[in-house]
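Quick look at what TrEMBL lists:
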- B:1-25: signal peptide (SIGNAL)
- B:212-234: transmembrane segment (TRANSMEM)
- B:255-278: transmembrane segment (TRANSMEM)
- B:290-309: transmembrane segment (TRANSMEM)
- B:330-349: transmembrane segment (TRANSMEM)
- B:361-383: transmembrane segment (TRANSMEM)
- B:404-428: transmembrane segment (TRANSMEM)
- B:434-459: transmembrane segment (TRANSMEM)
- B:480-505: transmembrane segment (TRANSMEM)
- B:525-548: transmembrane segment (TRANSMEM)
- B:569-596: transmembrane segment (TRANSMEM)
- B:602-630: transmembrane segment (TRANSMEM)
- B:618-685: domain 'Mechanosensitive ion channel MscS' (DOMAIN)
- B:699-775: domain 'Mechanosensitive ion channel MscS C-terminal' (DOMAIN)
Amino acid sequence: MTKILRIATLSLAAIVPAPLLAATITNLDEVEYTLVIAEGSSQSQVTIGAGQSIEICSQGCFLTLPNGDREVLTGPEQFEIREGRVKFL
Amino acid sequence: MMLSIRFLTRVLLLLLLLLGGQVLAQEPVADDAASTKATGLQVNAEQRTEIAAIAKRTDLLKAQLELNATDDAVLVEIRTQLEEINRKLLASGVSFRPRLETLNARLDEIGDPAEDEPASLADERQNLTAEKTDINTLLGEAEALSLRVNGMIEEIARTRRDLFANTLSRRYDISAAVNQDVWRDLRAESAKVASAVGSWVSFVLNYKLSSVLIATGLALLAAITLAVGSRRVFGRLFVAEPGELAPSYLGRLSVTFWSTLIPTAALCVFLALTWFFYDYFGILRRDIEQLMVALFNVIAVVFFVFRLASAFFSPNLPAWRLLPMRTPAAHTLFWLVFLTALVTAADFFGNSVNEVMRSPLSLTVAKSFFATILVGILVIVIARVRPYEDDEGNPKAWHPLLRIVLYLLGGGTLVAALLGYIGLARFIAQQIVITGAILTTMYVGYLSASAISEIGAFSRSRLGKKLGARFKLDEASEDQIGLILSMVINILVLAIGVPLIFLQWGFRWGDISSWTYNFANEIKIGSFSFSLIGIVTGILVFLIGYFGTKAFQRWLDGKVMARGRVDAGVRNSVSTAVGYAGVALAGLIGLSAAGIDLSNLALVAGALSLGIGFGLQNIVNNFVSGLILLAERPFKVGDWIVAGGFEGNVRKISVRATEIETFQRQTVIMPNSTFINAAVGNWTHRNRLGRVDIPVLAHYTNDAREVHSVLMEIVSAHPQTLKNPAPSVTFDGFTDAALNFTIKAFVADIASTSSFKNELRFQIVERFKAEGIKI
């Protein structure tokens, strides 16, 4: 029984690191921000609350912060917003 | 133990590799060198010109798009270029990131404007802000352009869908196609084809003779290598031995699969190489190239269907057939299937010829008309074949469902063609062949999976025997590996077959992968959402925690506590407690890794909790009692206890109940709460010392003191009686008929006193007889 469990664990371990493609953004400030995301052929607004962490952009997008800064995201990256500015991890 | 450590190391290595691969796959953080302001603006200027160039290109593509709104192939090309533009825009946007980081960092250092700061600082701030604004403007332009490009890509998708729908629903005038002019047009087209090919051949012979010889030579070399090589290396796998009269099911399946796959793969490689060599040497003219590509596609598909049908139906070798069919039916079916594929392929190739030669529409329509009618008829004939034998040996038809599907497909093609919906009829015919081939291959894969999962099938196969010998597995484990393998094959069949079918229906790879990604990531049912990947991750984390706990328990018990000479009862308690804690922790972490939001369930659980609480009262009571027993250890495994009216040795202490084995070898499973809530007598709690009481009755007429001294003698003389505490005989009382004595002796092991008591009683009887003491 344990052998089959081991083999099952191994197979799962091979499947699980599947491409988790979205970018993760964490808001480290105390205020919430409204980001404008241009993904595909449309723009949308996303609100991220204080201390919240969300996933956006599974295929590359342009991001505009409330203070006018712009960023480009491609793929599984992590970054944080601190004092209204973006910092990549 | 050795094997499990090696195994663990391998698991760890594998996990590390996978994680490392994932980390490497992420974008590396760009190393930014300190660039001066001047180069910064220079870079901006370069990027600006590049973005302007991209904008111009997009305009050109837009014009092309409008011009070619009816040509599917051109639309696909434009889309590819647009996707490349989009990637370039994203890449150029990302290239600004290090510079932006430097600017932001420096601006943070400089800080906010202050009253008494030096002018140079204010200047620097101004310059940095200006550059940053510049970059932001550029990114804004890139964003607008990217939005536009993506809009065009979506427009192309819509246009193609509309085109496709139009092709299917367009009705042609059949009568215009089926008349004398068609023959004339056909002859004219044949002449055109002949002249085109002829002119190309003469051109090649005159100007490119050496190139064509080299290219053909290389292609032939590739062909021979592939044909001979595949036979040599894989021959054993896919050659059906004529002499073998009863091949195993798995053997037949494997031969079917490999004899389809390997020769087709070899042929595809050969065709691709031929095209490549001809293209490389510049031998091909544009129209000849189109014809050649269409021809090669057609050859590959027909060959695939040919091999699949010959393996599946196996007309010449009945023993190797996958399904038990009558031989004449197998022959018929083989030829019918092959003909269907051939006709459809010829129609496809013919269409390419029509396109290249710009033939009149009537010819295209006529050709497709006859081809699709033929295909419809063939499919209906296939439906009418009776391949099986029933119990009396009479021919039996297909499964009714399959027959209905075949009739529908064949009839649909026929009707569509006759009514003039040639596009629809062609589409159905092509799908019958290609989707049919893919579905059949998937079916063979599914059959293989079922065959492997049969008991003992895997261990009998060649691969199973090899694995068993190498890893020294027993039959039960091989069976389980067979089960897992069959599950993997099923998953593979679905994972490869379904996207293939969708791809050739016209969906894009990007669509399919984003669907699967969304499906795996989040499934929403009302307001409750969960993710498949999350659940799999949760299970994986739990399994890792579980094995980790077991390993930790074994290490703790085997290495730490055994060496520390800890008492067996304590070891058992600690091991069990560690086990519970570990599994509970693994379960909690697994649940949270699965990302299941339990707060919705909490409402329901709250309502049920009252009833569940009442019902589980006793269980929880027992569970907590069990924990207290583990901690306090009023008895340990092996003790002789008296509890709840039962007496016996403790065999196992579990979370809910404890197992006691009575002296009659009956196992009494007592809930733990009896031990906590009531008194428990433990004969062997501190040590195994105990007192044996033997009541003796002597007749009233005997001399009491004499009886007393005899009994004292007997008990003191016995070797098992301990001197300290000393034995004693008490004169408890008397009635008119008897004198009551009790022999009280201490023995070293209270658990094994039956022989002691027997011996004493024998001696008492013998001595009384000898002394004349009456009982």
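We number each residue from 1, going along the chain as drawn.
The backbone N, Cα and C atoms fix where each Cβ goes, glycine too.
Across the range of the domain 'Mechanosensitive ion channel MscS C-terminal' (B:699-775), the DSSP-based residue counts are 32 helix, 18 strand, 27 coil. Same-chain residues lying 6 or more positions outside the transmembrane segment (B:290-309) and placing a CB less than 8 Å from one of its CB atoms are 256, 259-260, 263-264, 267-268, 271-272, 274-275, 278, 284, 333-334, 337-338, 341-342, 345-346, 348-349, 352-353, 355-356, 433-434, 437, 440-441. Tertiary neighbourhood of the transmembrane segment (B:255-278): same-chain residues 212, 214-215, 218-219, 222-223, 226-227, 230, 234, 237-240, 247, 284, 289, 292-293, 296, 299-300, 303-304, 307-308, 310-312, 320, 322, 441, 444-445, 448, selected by CB-CB distance under 8 Å and a gap of 6+ residues from either end.
Among the listed stretches B:434-459, B:480-505, B:525-548, the one sharing the most Cβ pairs under 8 Å with the transmembrane segment (B:569-596) is B:525-548. Look at the domain 'Mechanosensitive ion channel MscS' (B:618-685): DSSP puts its residues at 20 helix, 24 strand, 24 coil. If you look at the transmembrane segment (B:434-459), the same-chain residues 6 or more away from its ends with a CB under 8 A from one of its CBs are 248-250, 253-254, 256-257, 260, 301, 304-305, 308, 312, 322, 341, 465, 468, 475, 478-479, 481-483, 485-487, 489-490, 492-494, 497, 500-501, 504-505.
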